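Annotated in TrEMBL:
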- 29-60: region 'Disordered' (REGION)
- 35-48: compositional bias 'Basic and acidic residues' (COMPBIAS)
- 49-59: compositional bias 'Acidic residues' (COMPBIAS)
- 101-273: domain 'Yip1' (DOMAIN)
- 120-141: transmembrane segment (TRANSMEM)
- 161-185: transmembrane segment (TRANSMEM)
- 197-222: transmembrane segment (TRANSMEM)
- 228-250: transmembrane segment (TRANSMEM)
- 257-281: transmembrane segment (TRANSMEM)
Amino acid sequence: IASLVMYLFAEFDDAANLLAANPDATTISIDEPTEIPKKQHGRLQEPGREEDDELLGTDDSDKTELLAGQKKSAPFWTFEYYQTFFDVDTYQVLDRIKGSVFPVPGKNFVRLYIRSNPDLYGPFWICATLVFTIAVSGNLSNFFIHLGKPTYHYVPEFRKVSIAATTIYAYAWLVPLALWGFLMWRNSKVMNIVSYSFLEIVCVYGYSLFIYIPTAILWIIPEKVVRWVLVMFSLCLSGSVLVMTFWPAVRDDNRRIALATVGTIVVLHALLAVGCLAYFFDAPELDFPAPIIPAHNGSTVITKSQ
């Protein structure tokens, strides 16, 4: 230790002597960080592509998010693994609902709201709320349609809950699964295809269904024109969220395949809305049995009901 101290003092004396011999010499402190020019890399951007790159994200941002997602690593059989899918607060859920109800043209829903922390909390409860809303509103609609008919007796149709649950949850899970598999397959064929994760696609579809909750409540109004105007309005809002989300992902694919993919997404979304309206609300008129009125002479008279 004594030798080390003597060596440091000797170095200090040499530096002091050099500084005294040349007072105008420039000194550099080792504590001051030196500026190192950053290496510029990347390919030239094509005109009009900067906005799409911003929507889909750059490679650096994707790598950062991937590394950030590696923190949530837990075995799939543990409760902590599934807890990460519901790790959202009320403000995040409300913000994503607002983004699905009021889509902004030119903004990617995944990039803007979902990619930082995709969740299953919002999609699960949105689908559950939509199931009970459609079932209850469908029963009330049937009641108001036949209200005032003397031969009609209201009987709650609880089977509508199971039918609505099967339809909504099958759509919210099977369609995203098929779309995710298709994007993965096309990604192996075309290098520029952007593949969303399965959780991100489920999240988009789940939040896109929120607009149908208030719409199903308004479907109670016994006017077909009003119902079809509402369904078209809701379809345009929720369908635009899906189109603006998935079109940038397939735009670099073959033109026909890209248009067919987006067209299939819109058609399936429209079939869900129109099917729910037609089955749960536009029920056909029921043929009620004619009432039997006993006559005074012991015979029965059957009257024909209109």
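Quick reminder: no glycine exception, Cβ is built from N, Cα and C everywhere.
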Average model confidence [pLDDT] within the domain 'Yip1' (101-273): 89
Which of 161-185, 197-222, 257-281 contacts the transmembrane segment (120-141) most, counting Cβ pairs under 8 Å: 197-222
Tertiary contacts of the transmembrane segment (161-185), as residues 6+ beyond its ends and Cβ separation under 8 Å: 123, 127, 130-132, 134-135, 138, 193-198, 201-202, 204-206, 209, 246, 249-250, 261, 265, 268, 272, 275-276, 279-280
Tertiary contacts of the transmembrane segment (257-281) (same chain, 6+ residues out, Cβ under 8 Å): 134-135, 137-138, 141, 160, 163-164, 167-168, 171, 175, 179, 182, 186, 208, 212, 216, 219, 227-228, 231, 234-235, 238-239, 242-243, 246-247, 250-251
